[in-house]
Structures are given as structure tokens and as C-alpha cells.
Amino acid sequence: QPSPVPVGATVMVWIYGGGFMSGTASLDVYDGRYIAATQGVIVASMNYRTGAMGFLSLGNSEAPGNAGLMDQNLALTWIKENVASFGGDQSKVSIFGESAGAASVSYHLLSPMSKNLFQRAIMESASALSPWALLPDAEAHRRGVELAKAVGCSTDSDIEETIECMRGVPALTISENEWVVWGLCQFPFAPVVDGNFIREHPTVSLQTGNLKQTDVMVGFNNDEGVYFLLYGAPGFSKDTQSLITRDQYLEGIKMSVMGINDISVDALSFQYIDWVNFDQPSMYRDAIDNLSGDYNFICPALSFGKAMASFMGRKTYQYKFVHQASNFPWPKWTGVM
């Protein structure tokens, strides 16, 4: 909080990212003192369960999914009830988050359980429309069963017995076996339409206006795809210039867009190749960066923002971040991640 302690200050609540698989509010990069000191606002955050601990969904009341989002909801409830004691105004709360945190922010806009807990929202690099931000029920159930098998719990018996077995498994064992499914820009556990916190598919809510209609800001960075490409795409490494070949480019498309067929690979390849600068050594690298970033982060953010902008009487803002800091720890070619 600012010093001296204000009265009726705006409140900003941060929700960290991490693919719904990891993260913590205590990272130095999330230190809210700088915003509080320079802008005179109250900055709050919370930890929430991630991975299987936060998003295991087996389709019953014992493992319904979205526990991590419910953690966030509980924190928002506490903040609304208590922030006045810290100099904040409960009627001036803005929630903001990055990546999975941005997707979380959009889910709070969509959920009737959260809509009265804040006033405005900022989504940085993603939304609930991101392909990794929502799992179909059947796929979420399959992944939960695979995890149960991996930690030695039988899935042949009643599902309640399986869950009871998993409760006896050490947390470290659970976390060590969570990556039962892997794909570039894909995460094993994520939110589901549970009929409680998330009551319908996000696209339905956006089409019907069945969500909190308020002022929002959406944005993204210039090179959203690079960070994930460095963790598994063919030919990518932070220790090289990652000047990939055409074959590696095509393979990267298949990894970035899961389940894509060959015709779609060819279409995307043609669309993203820079035909004007075709002879540039970095051309294929930059093309897959743009494709992966568009598919996983930029287009979902813009689509969500466009839908919000269609509601009368509300303001929607958009930004694109293109500045690379002088102390940026990654190679210069990685751009603005």
C-alpha cells in the first residue's frame, strides 16, 4: 500500500500466470510496491492451487475441477470485505493477470460467482479463448485417469475409490507425474465447464452477453510465441540463433497447433511465410514465432476484447508491448516476450 495509508484508494489485484501448472505471487518480478508507490493504489495478490491440485476434474463432486479458480474467487471475496482496512475502496477493484492469469481474469468476468467482486479487468497475453485455457470434459477426465494410473491408483474400481486413493499419495508424487500429456503450448490440467464456476463455454457467454459487462483492457507482447518454442520446438535454443529449416518450421506448426491436418499445415505455412524477405536466415524462425503467438495468445486476447467492445456503454482498450528492456536476460533475437 502507499505511504501514508490512503483512504478510498483504487485496488489492483494481480493473478499470476504459469499455464495453470505453476506460479506464485511472491516472485520478485511481481513486487507490487512499485505500482503502489508511483500510482497511489493498493496492490493485492494471492496464491492459488495449480496443476492437478487445482484443476483435476473427474466429473463428480469430489473432483469437479476449477479448484484453483475457486481459490482466486475466495481471495477476491476476502479483498472486497477487508480492503477498506488497508485504505482501499471495495467499489474500485481492478483485477489483472498475465497468460494463465489473464485467462483467469476472463473467467472471473464470465462467472456469476465472481462478477460482483470487482469492477474492471486487464488481460495481458491470453484469455479464456486460448486453446490451452479450457479442457473438454472427456479429455480432462482422461488425463485425470492417466494421472491416477501413474501414481499407482487403480481406475478399474469406483471413481470415488480412485479419488480416495489419490488423496493418500504424497503431493510431491502427484506433481512429479502431472505431465502425463505434453504438447507445445499445452498443459496437462486446466479449467473445465463444471456447471458451477464456469457454467457454459466461453464462446457462448461472449455471444449472448452472459457475463460481467464492464470496462476492460486487453494486450499482448510483440513476440508471444518464442518463450514456448524455446521449450521444445525443433531447432530452437536460447544458446543459438535458432535459425530453423523449412522441415523444422513445418514440424513446429504441428506442435503449436495440436491435431492439425496436413492441408491446414500447408495453409498456415503459406500464410505466415514472409515472402518479401524469404531469403532472410531468420525467416522460418520468425514465422513460427508469429504463428504460435497468434494462435495461443494474441488472437484469443483480441477476440475476447472485440466481444467485450460490442457491449454498449462500456470501454475496451488494447495495447501492444514492443519495448525490450536493457536488462532483458534472454538473447536479443527472442524479441519482446
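Note that Cβ sites are derived from N, Cα and C of the backbone, with glycine treated the same way.
Cβ neighbours of Ser99 (active site, acyl-ester intermediate) (same chain, under 8 Å, six or more residues apart in sequence): Gly17, Gly18, Gly19, Glu124, Ser125, Ala126, Phe297. Sequence annotations record features per position, and here Swiss-Prot assigns active site, acyl-ester intermediate to Ser99 based on sequence analysis.
In the three-state DSSP scheme, Cys165 (disulfide bond) is classed as helix. Non-local contacts of Cys165 (disulfide bond) by the CB criterion (under 8 A, 6+ apart in sequence, same chain) comprise Ala148, Gly152, Cys153, Ser154. The disulfide bond feature in Swiss-Prot is assigned to Cys153-Cys165.
Taken from Swiss-Prot, the feature active site, charge relay system covers Glu224. In the three-state DSSP assignment, the secondary structure recorded for Glu224 (active site, charge relay system) is coil. For Glu224 (active site, charge relay system), the number of other Cβ atoms no farther than 10 Å from its own Cβ, over all displayed protein chains, is 26.
Cβ neighbour count for Asn290 (N-linked glycosylation site): 19 (other Cβ atoms within 10 Å of its Cβ, all protein chains included). Summarising the annotation, Swiss-Prot assigns N-linked glycosylation site to Asn290 and lists sequence analysis as the type of evidence.
Between the CA atoms of Glu224 (active site, charge relay system) and Asn290 (N-linked glycosylation site) there is a gap of 8 Å.
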